[in-house]
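Novice: Straight from Swiss-Prot, here's the annotation block:
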| type | residues | note |
| --- | --- | --- |
| DOMAIN | 149-374 | domain 'ATP-grasp' |
| BINDING | 189-247 | ATP binding site |
| BINDING | ASP328, GLU341 | Mg(2+) 1 binding site |
| BINDING | GLU341, ASN343 | Mg(2+) 2 binding site |
Amino acid sequence: MAKKRIVVMYGGKADEHSISCISAASALRALDTDKFEAIPVGITKDGKWIVNGENPLGWSLDEGLPTVEKTPGAKDVVLEVALGQDGFFAREDDGTMTPFGHVDAVFPVLHGPYGEDGTIQGLFEMMGVPYVGCGVLASAACMDKHYTKVLLAAAGIPVAPGITLDARSFDKASEFKTDADAIMAQVSEAGLQYPLFVKPSRAGSSFGVTKVEHEGDAAELAAAVYEASRHDWRILVEQGIDAREIECAVLCPKAGEAPQASWPGEIVLDKRAEGDDQFYDFDSKYMDAAASHVEVPANLPEETLNLVRETAKKAFVAVDGAGLSRVDTFVTKDGKVMVNEINTMPGFTSISMYPKAWEATGVRYTDLITKLIEGVLR
């Protein structure tokens with residue numbers, strides 16, 4: 001049987017560019033090469049699609065954070081939308097076009113805006129090209145934490161208390177210092193309890209997230225809102241929840257099938273090298289191996305673990321999920337579960353929760369990739 005030709009995409013214009021590269025490298029190494037022929041396609045930070053660039057198989061977190069560059073020998077990728085699955089070409093130096101051949105599916109291992117937000121999913125929908133992952137609606141809604149909460153709340157799924165701010169009306173020149181009292185008034189009116197977490201609505205990997213600990217400190221709050229605004233003008237201010245953060249991997253390779261949920265896992269934060277405890281920020285996730293470790297299943301009663309699994313599946317269905325997602329939840333001391341956010345293209349690095357959770361549930365990394373791809377093949 002002929003191998004299926006799969007375009008694996010990585011990089012992109014988002015802040016998560018390098019993590020996407022590492023995720024794709026891990027996925028490519030795990031790909032069943034007896035079944036699939038992979039064509040790696042990178043997207044540079046300025047949005048250029050290239051093929052035959054640097055080989056991503058050599059990338060790992062141990063070597064730092066890679067970026068997609070147009071190296072000598074790399075070719076621009078050109079799409080002919082009307083040709084659908086036969087519409088992928090590499091532009092040669094003399095301007096001629098070399099076809100990829102029939103592309104059976106695309107695996108967009110892209111995180112953040114322009115990759116995980118419904119835009120590229122819409123492109124492949126227009127081309128009629130099968131792709132791994134959530135569709136346009138779920139991708140767009142889950143990229144925006146505000147609208148994720150709107151959908152979940154409408155489905156009766158508990159979410160953290162919070163408010164949403166529009167930073168476009170704030171004074172950027174003063175770094176929002178002149179808006180500090182007005183921002184504080186909105187938080188006070190909502191009755192939010194400290195600590196607060198201020199985060200961009202449409203960013204991932206903890207970019208722009210700040211913990212605000214001092215109640216009544218308008219300057220600290222305004223500074224946190226300004227930091228978040230560097231990534232997005234829509235900003236969430238959420239009440240900190242006295243709970244454990246438990247993550248659950250959801251898998252639904254074929255449209256219309258019931259989603260499956262892994263054993264829930266927990267990122268256990270360890271002391272940082274400098275001796276400080278802190279929340280799970282970008283450095284804790286990717287740059288400091290001593291900052292945390294993963295436990296799957298999480299050390300919780302089985303009844304609570306099953307409640308997390310059921311909540312994750314309900315959340316996945318509520319946003320019209322497809323393919324895969326990682327549902328992040330809060331579990332309180334009395335066993336209540338609320339959803340924090342949904343990642344429609346979770347990390348696939350060697351330390352990422354999604355593949356680790358499925359491995360602990362009995363699905364090997366290679367089999368996981370195979371299930372995801374075969375689920376969308378025609």
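Glycine is treated like the rest: Cβ placed from N, Cα and C.
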Novice: How many other Cβ atoms are found within 10 Å of the Cβ atom of VAL237 (ATP binding site), counting all protein chains shown?
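Specialist: Its Cβ has 23 other Cβ atoms within 10 Å.
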Novice: Near ASN343 (Mg(2+) 2 binding site), which of the binding-site residues GLU189, PHE197, ASP328 can be found within 10 Å, Cα to Cα?
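Specialist: Of GLU189, PHE197, ASP328, within range: ASP328.
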Novice: Any idea what the Cα distance is from GLU245 (ATP binding site) over to GLU341 (Mg(2+) 1 binding site), rounded to a whole Å?
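Specialist: Counting only the Cα atoms, the answer is 11 Å.
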Novice: Tell me the Cβ neighbour count for ASN343 (Mg(2+) 2 binding site), meaning other Cβ atoms within 10 Å of its Cβ, over all protein chains shown.
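Specialist: So the number of other Cβ atoms within 10 Å of ASN343 (Mg(2+) 2 binding site) is 22.
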Novice: Give me the CA-CA distance between GLU341 (Mg(2+) 1 binding site) and PHE197 (ATP binding site), in Å, as a whole number.
Specialist: 13
Novice: Just name the most isolated of the binding-site residues GLU213, GLU245, GLU341, going by other Cβ atoms within 10 Å of its Cβ.
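Specialist: Candidates: the binding-site residues GLU213, GLU245, GLU341. Fewest Cβ atoms within 10 Å: GLU213.
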Novice: Three-state secondary structure of LEU221 (ATP binding site) from DSSP?
Specialist: helix
